[in-house]
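First up is the structure itself, then whatever we jot down about it.
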């Protein structure tokens with residue numbers, strides 16, 4: 001009943017100013033990247049929408065007309081997990097998650113103009129995804145990825161034998177990574193071939209593991225690796241994949257290589273950029289990513305960092321010739337931005353890259369032979385770029401993107417021309433109605449060492465003559481940013497439409513503003529970033545009349561959670577009515593319990609046992625800091641967060657309770673560093689927004705705002721009195 005009551009209240013209040021509710025946010029359609037056909041006439045994309053009444057998320061695939069932006073349904077079959085163009089007109093290959101092989105998938109072939117008339121080409125004996133295709137004579141070679149057994153077979157969970165014991169035994173790191181205990185299975189790229197007979201293709205079920213022959217290699221690399229970690233040459237004969245350096249400790253170093261291997265696996269894969277190798281530029285030992293073959297297959301572009309233990313070092317474009325021993329070339333190596341993806345133009349002369357720049361994911365172009373000091377040119381588009389694909393053989397690309405004001409922006413972008421809008425979700429979806437760029441603006445403030453950027457996000461129906469409490473949202477990372485991006489978890493617009501003006505700062509440590517700002521947080525977590533936040537708060541307090549700082553709140557996750565815990569023990573903590581710390585560190589020395597040791601060993605200038613003073617310097621649990629605690633605080637921490645153990649949140653809550661500080665602990669036993677399940681996300685929003693609304697006064701000024709009591713989950717409260725009542 002509570003959930004139903006809350007839904008009714010939310011809808012009723014929408015006309016009064018709170019237009020965008022958590023339920024709108026969670027149930028709004030989610031669309032994937034749009035992939036154009038070879039001729040550049042149609043694009044296919046995935047769409048899903050959560051239904052709170054039925055507790056399910058049906059999904060399907062749509063077609064986008066690249067001339068007029070019209071959208072038509074291709075299929076509503078939720079079992080179709082991915083679709084890719086065959087390379088022959090409008091014919092497609094798709095993977096169906098249900099198959100006659102238990103635990104396997106089916107490979108099907110159809111035509112986008114007659115999708116129902118499909119036929120099955122064959123089965124894959126296990127979970128398989130990330131298809132990439134290339135014609136090789138009268139055959140079609142493909143690659144994809146799945147889990148590998150130690151013997152190199154595709155792992156099939158449904159067919160696997162149940163272990164006689166639940167014990168795990170380790171002789172090396174990782175023990176666990178992100179949200180999973182590391183097991184004997186690992187990701188691997190597999191190759192196969194579609195053979196043509198008459199007018200149909202068939203697959204014999206035989207796959208070749210291209211990764212397993214390299215001991216300790218893994219590709220795509222978890223937890224976020226996918227099809228961008230490998231590529232297939234246009235003639236279908238050569239595969240490139242990225243793996244962390246097999247010979248180095250993966251938990252301590254970020255070093256990774258780009259491997260080349262024949263599609264048929266006739267030779268063992270070899271790295272082209274091995275550390276201290278004959279082709280590798282001197283001093284380049286960091287993480288590699290985004291391998292992409294040139295159209296003629298003679299060159300391969302990829303991105304690589306220099307530092308061997310720093311996941312946020314600047315990426316530089318590298319180009320290697322295939323089949324030679326010539327040194328790898330660095331392209332535009334002095335460009336002070338960190339590219340994230342790279343692609344070749346159809347003539348192989350121009351590179352298109354995405355990179356974050358001033359809190360926006362932008363698209364750039366540069367010559368494939370650009371010199372070190374070359375500055376790439378920006379291609380005009382709206383919002384931030386998530387992915388892009390060339391439209392036929394033209395210079396134009398189809399961009400799939402998003403922004404702070406829309407969760408899907410499909411547009412055509414061409415160098416030196418205005419962009420052309422195809423479909424913007426906020427103009428189509430009723431859940432996003434009213435959202436737009438007019439409620440977003442940048443703010444620049446003099447920080448501790450340089451000017452610091454923030455986003456200001458205003459509520460629907462904003463009136464500059466009224467006053468709104470401040471919602472001060474601190475991003476994670478710490479080497480991350482509040483970008484002009486749509487977040488499916490921490491969405492500033494959801495907070496704003498409770499009746500706040502959101503200020504989302506990008507303090508020292510943030511990405512996209514030059515490498516120096518990113519690097520300057522090293523061994524200074526509670527130093528310059530905290531001072532930046534103080535200066536931003538002071539500027540808002542002194543100069544922005546429509547923001548009420550006296551009733552403001554602060555919230556953050558991950559590093560943002562740490563910063564909230566740090567703020568609680570500082571003078572700034574007394575400026576807020578309430579705090580929210582999600583998955584933040586509390587005790588300095590507990591950082592050794594994390595998974596990726598390279599992260600803390602870089603950020604604190606040494607190992608836990610050699611540089612202990614650096615870990616202790618920014619310890620939120622210091623007695624002199626805890627003595628200052630008084631601001632009501634909600635603590636959120638989840639059981640499957642293996643980056644920051646749930647004990648961090650429990651310990652923080654223990655101290656808040658014993659101190660008599662009004663506090664609450666929110667825990668999801670089935671969530672990780674993030675809360676992603678729809679029903680859990682709704683409860684998260686009810687609790688987090690209900691908490692800040694209670695203490696900021698929003699509940700009093702707006703009786704239809706979210707309240708803690710709107711959440712249907714019963715609160716555990718075993719004691720009638722606090723510790724200090726006795």
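Keep in mind that glycine also has a Cβ here, set from the backbone N, Cα and C atoms.
The annotation signal peptide is assigned in Swiss-Prot to 1-19 on the grounds of sequence analysis.
Remark: residue 96 (N-linked glycosylation site) has 77, 79, 80, 81, 105, 106, 108 as non-local neighbours, by Cβ distance under 8 Å and separation of at least 6 in sequence. What Swiss-Prot records for 96 (among others) is N-linked glycosylation site, and it gives sequence analysis as the kind of evidence.
Per Swiss-Prot, the feature N-linked glycosylation site maps to 252 (among others). Residue 252 (N-linked glycosylation site) has a Cβ environment of 15 other Cβ atoms inside 10 Å.
Among the features that Swiss-Prot reports, region 'Disordered' is placed at 269-291.
Summarising the annotation, Swiss-Prot assigns N-linked glycosylation site to 485 (among others) and lists sequence analysis as the type of evidence. Taking Cβ-Cβ distances under 8 Å and a sequence gap of 6 or more within the same chain, the neighbours of residue 485 (N-linked glycosylation site) are 361, 383, 384, 402, 403, 404.
Summarising the annotation, Swiss-Prot assigns active site, charge relay system to 558 (among others) and lists similarity to another entry as the type of evidence. In sequence order, 476, 477, 582, 583, 584, 643, 644, 673 are the residues of the chain that are 6 or more apart from residue 558 (active site, charge relay system) and have a CB within less than 8 Å of its CB. In the three-state DSSP classification, residue 558 (active site, charge relay system) falls within coil.
Summarising the annotation, Swiss-Prot assigns N-linked glycosylation site to 605 (among others). Secondary structure from DSSP puts residue 605 (N-linked glycosylation site) in coil.
Here Swiss-Prot flags 641 (among others) as active site, charge relay system, drawing on similarity to another entry. Listed in sequence order, 179, 583, 671, 672, 673 are the same-chain residues six or more apart from residue 641 (active site, charge relay system) with CB atoms under 8 A from its CB.
In the three-state DSSP classification, residue 673 (active site, charge relay system) falls within coil. According to Swiss-Prot, the feature active site, charge relay system maps to 673 (among others), an assignment based on similarity to another entry.
The annotation N-linked glycosylation site is assigned in Swiss-Prot to 699 (among others). Annotation note: residue 699 (N-linked glycosylation site) sits in a helical segment as assigned by DSSP. All protein chains shown were included, and the count of other CB atoms within 10 Å of the CB of residue 699 (N-linked glycosylation site) stands at 20.
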### Task
Return the residues near residue 605 (N-linked glycosylation site), defined as same-chain residues 6+ apart in sequence whose C-beta is under 8 angstroms from its C-beta, sorted by sequence, else 'none'.
522, 523, 611, 614
### Message
Whole-number answer please: how many Å between the C-alpha atoms of residue 252 (N-linked glycosylation site) and residue 699 (N-linked glycosylation site)?
### Response
48
### Query
When DSSP states are folded down to helix, strand and coil, where does residue 485 (N-linked glycosylation site) land?
coil
